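This report refers to the structure that appears directly beneath it.
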Amino acid sequence: HHPRATESATKYFLTQATASALLLFSTTMNAWMTGEWTIVNMNSYTPTTILTIALAIKLGIAPFHLWLPDVLQGLDMMTCLILSTWQKLAPMALLILTSHQLNTNLLTLMALASAIMGGWGALNQTQMRKIMAYSSIAHLGWMTLVISFAPGLALLNLMIYLLMTSSMFMMLMTLNATNMNKLSISWLKTPALAASMMAGLLSLGGLPPLS
């Protein structure tokens with residue numbers, strides 16, 4: 001219904017198509033080297049590196065994160081909610097399945113870059129959707145860092161992240177707040193919901209006692 005939404009859809013499609021092509025390329029290369037189509041037993045360095053990069057693009061992990069804030073900014077809140085939660089499940093499932101054989105050094109580098117870029121990028125933002133996008137990048141960074149060493153812990157982190165992000169977007173939809181100005185005046189209309197939102201934001205930041 002809007003040129004900005006069309007632009008977001010096109011950016012999302014191109015990014016995901018590239019990532020899917022890389023994913024298929026890594027599995028094909030692995031099949032060529034090993035003679036089997038499973039990606040759970042990848043022994044070669046090149047296919048695992050390509051697989052790691054493909055999943056990083058799909059999830060929006062730095063340095064392949066630049067599409068995520070732009071795409072989210074052009075969408076309505078409900079679509080943002082789906083894109084930030086439900087769409088993360090399939091790539092994360094693949095990442096957890098193959099976590100024992102992925103390139104740990106590359107994952108650690110990307111995770112640290114995500115944590116830095118997620119925190120740094122959100123500093124000068126006034127749009128709530130962009131802030132939530134950078135929050136997603138930062139959280140995915142910590143999940144990626146943990147995933148090589150303790151996949152179960154990363155899964156728990158993902159569940160907590162999905163729960164908190166869903167509640168945040170639902171509160172933003174209820175308040176109809178797309179930027180900081182609207183959020184700041186919501187205290188006058190619905191003080192209880194505004195207080196809940198503040199608790200949600202502090203929880204996303206991991207501040208005690210909500211950590």
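Residue numbering: from 1, along the chain as shown.
Glycine residues also receive a Cβ, built from the backbone N, Cα and C atoms like all the rest.
Here TrEMBL flags 3-210 as domain 'NADH:quinone oxidoreductase/Mrp antiporter transmembrane'.
The transmembrane segment annotation in TrEMBL covers 12-33 (among others). Counting same-chain residues at least six beyond the ends of the transmembrane segment (12-33), those with a Cβ under 8 angstroms from any Cβ of the stretch are 39, 42-44, 46-48, 50-51, 53-55, 57-58, 67, 71, 83.
Residues annotated as transmembrane segment in TrEMBL: 45-68 (among others).
Summarising the annotation, TrEMBL assigns transmembrane segment to 106-124 (among others).
The feature transmembrane segment is assigned by TrEMBL to 187-207 (among others). Remote same-chain partners of the transmembrane segment (187-207), defined as residues 6 or more beyond its termini with a Cβ less than 8 Å from a stretch Cβ, comprise 135, 139, 164-165, 167-168, 171-172, 174-175.
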